[in-house]
Amino acid sequence: MVRDQIDRIGVVGAGTMGGGIAQVGATYGYDIVMRDVEQSFVEGGFERIADSLERLAGRDALPAAPDTIRERITGTTDTAALSDCDVVVEAAPEELKIKRDVFADLEDACDDDILLATNTSTISITSIAAGLEHPERVVGLHFMNPVPIMEGVEVIVGEKTTDEAVSLAHEVAQSLEKTTWEADDKPGFVTNRILMPWINEGIRAYDEGVASKEDIDTGMELGTNVPMGPLTLADHIGLDICLHASETLAEELGDRYTPAYLLRRKVEAGDLGKKTGEGFYEYD
Ligand SMILES: NC(=O)c1ccc[n+]([C@@H]2O[C@H](COP(=O)([O-])OP(=O)(O)OC[C@H]3O[C@@H](n4cnc5c(N)ncnc54)[C@H](O)[C@@H]3O)[C@@H](O)[C@H]2O)c1
């Protein structure tokens, strides 16, 4: 049984995704408790949320004033503060051990009828839930980056996840005006399984001299009607994140997911894309 009266949402992690999920939840009227491991990370999350809300307010894209939305979010470093949430979404770093520890702590802190969701991009939901007393209420709720802008959310069904938990996950995401689709707990789910080889092939095409980086991106944008070509998109996602996701998929699915040589070299050189000012392109 999962509780279906949702008033308060817990978010674990105040980084790129956790902050975005907290912001969108608050935008649609939920009370939010956002937890990170250090107060400075919580404050960083609030700063990014404030900036994003200001930008959206400037475009008249918010249903309430930024301050009203912001005040619905409580920051904390204490897992116990999540105990009165009706659903918790985890957006901690993409490492199985971290996620397992977070879920073990959530199981201790929260009632047994609380839906526990993970925003993982590539890790198996079943692996994250393994060892829990109640793995049946663990589900994947894969928001896309940037959360306030991207409309899609992938719902991922673990080996033990109940139909009830899956339905509630769809409902929660849809209440945030997101459109959902569902994937089985297979490596990469729908999005990253297909996106990562596409990005790696774009990088290989550039490295092997098929075309300039600009022409590869333009060719894919205009030739296949996607909003960003593979090199621009990789820079936006973060080259370290693309590398990590590709490595995880290669472990599970074999050689066709082997990361491109140039992706690895860029990450080794510290050029991680937009966030460091340089990836395949340079940024101010
Ligand atoms: N960034 C993306 O484009 C993207 C897109 C979809 C999904 N994801 C997934 O979302 C998750 C979070 O990614 P992100 O980009 O927001 O990472 P991030 O590094 O920006 O944020 C992670 C946050 O979690 C905090 N954290 C670490 N351990 C914690 C713990 N035990 N409890 C609470 N907080 C903890 C960190 O301090 C950090 O603030 C990952 O699983 C990632 O794969 C990321």
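Glycine too: its Cβ is placed from the backbone N, Cα and C atoms.
Predicted automatically and left uncurated, TrEMBL annotations should be read as such.
These features come from TrEMBL:
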BINDING   Gly13, Ala14, Gly15, Thr16, Met17, Gly18, Asp36, Glu94, Lys99, Ser121, Asn145, Lys275  NAD(+) binding site
DOMAIN    9-181  domain '3-hydroxyacyl-CoA dehydrogenase NAD binding'
DOMAIN    188-283  domain '3-hydroxyacyl-CoA dehydrogenase C-terminal'
SITE      His142  site 'Important for catalytic activity'
Where Met17 (NAD(+) binding site) falls in three-state DSSP terms:
helix
Within 10 Å of the Cβ of His142 (site 'Important for catalytic activity'), how many other Cβ atoms can you find? Include all protein chains, please.
25
On the Cα atoms of Gly13, Ala14, Gly15, Thr16, Met17, Gly18, Asp36, Glu94, Lys99, Ser121, Asn145, Lys275, which are listed as binding NAD(+), what is the maximum pairwise distance in Å?
24
Cα distance, His142 (site 'Important for catalytic activity') to Lys99 (NAD(+) binding site), nearest Å?
14
Sorry to bug you, but what's the C-alpha spacing from His142 (site 'Important for catalytic activity') to Gly13 (NAD(+) binding site), rounded to the closest Å?
14
Relative to the Cβ of Asn145 (NAD(+) binding site), which residues of the same chain, six or more apart in sequence, are found under 8 Å away?
Thr16, Met17, Gly20, Ile237
Whole-number Å only: compute the distance from the Cα of His142 (site 'Important for catalytic activity') to the Cα of Asp36 (NAD(+) binding site).
19
Check each residue in the chain of Gly15 (NAD(+) binding site) that is at least six apart in sequence and keep those whose C-beta is under 8 Å from its C-beta; list them in sequence order.
Asp36, Phe41, Gly45, Ala91, Pro93
